[in-house]
Amino acid sequence: MKAFTYERVNTPAEAALSAQRVPGAKFIAGGTNLLDLMKLEIETPTHLIDVNGLGLDKIEVTDAGGLRIGALVRNTDLVAHERVRRDYAVLSRALLAGASGQLRNQATTAGNLLQRTRCPYFYDTNQPCNKRLPGSGCAALEGFSRQHAVVGVSEACIATHPSDMAVAMRLLDAVVETITPEGKTRSITLADFYHPPGKTPHIETALLPGELIVAVTLPPPLGGKHIYRKVRDRASYTFALVSVAAIIQPDGSGRVALGGVAHKPWRIEAADAQLSQGAQAVYDALFASAHPTAENTFKLLLAKRTLASVLAEARAQA
């Protein structure tokens, strides 16, 4: 780990301004991903801005009847919240599938959204990686790619986004609230939050330099049957090969989003319109642009079977 300076700030505006003022600065709250990356010198911030004292740890009911989740709400507290368990069950189930209790105690809402890929070549500093070192190449393209993306990929990167929580929040049409160093606020839908890899996979989100997430807002509850199904190599504490988040209404309509298959939670609204036609039609809409490698082609069949299982469960419990 390289040397860095450290400060605590008192307001979100102060945090954003400090991040703009100090080149190479990073925000830190739970640190469950950032500290690991610093130890490996993948992340080398010159300055850490501790945002834990900003009071962004509340869950509030919005005027519309949804929820406003502070950026610093710990995953454990989000899982345990009565409204989340009752009205946004897919979110609580995704969080419980995502990490150990110790990690959930420390990890924050904003940090979960911003966690970096777990591609082994990203973590191996002896290998080329366009996310870690832009322009160096992508070792996964010709290397071990079993866990990598099958859709939304580019010639520069085939990494997946690892978050379970983000998949559920994308399903729920979450909106990210931010503050810029100029003191302006922005609202970014989660659909627009993650950038496709294209030729610049190191630019992962729509956040501007110094911009700080302050909250995530969920619309009013959708009702219906909430399901989160995660398929992985072992029963717990590992990342998804494929995950399916679904909300299915009694009439068979609904929505689905997938994890483990792309650079972001993968939701295609046109696929939702195919739910009445069955799993094959939904799969076809979701993966029309699929571009798997020889090693991860199995993910396509796995996704189709997992979708079919989730839809069958929803029908059985209707």
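Cβ atoms here come from the backbone N, Cα and C positions, even for glycine.
Since this is a predicted model, take the numbers as computed values, not measurements.
Per Swiss-Prot, the candidate among ASP164, ASP272 that belongs to the FAD site alongside LYS26, PHE27, ILE28, ALA29, GLY30, GLY31, THR32, ASN33, LEU34, THR108, ILE213, LYS230 is ASP164. The least crowded of the binding-site residues ILE28, LEU34, CYS138, CYS157, judged by other CB atoms within 10 A of its own CB, is ILE28. Its own atom aside, the Cβ of ASP164 (FAD binding site) has 26 Cβ atoms within 10 angstroms in the protein chains shown.
Looking just at the domain 'FAD-binding PCMH-type' (1-223), the mean pLDDT is 97. Cα to Cα, ILE28 (FAD binding site) and CYS129 ([4Fe-4S] cluster binding site) are separated by 24 Å.
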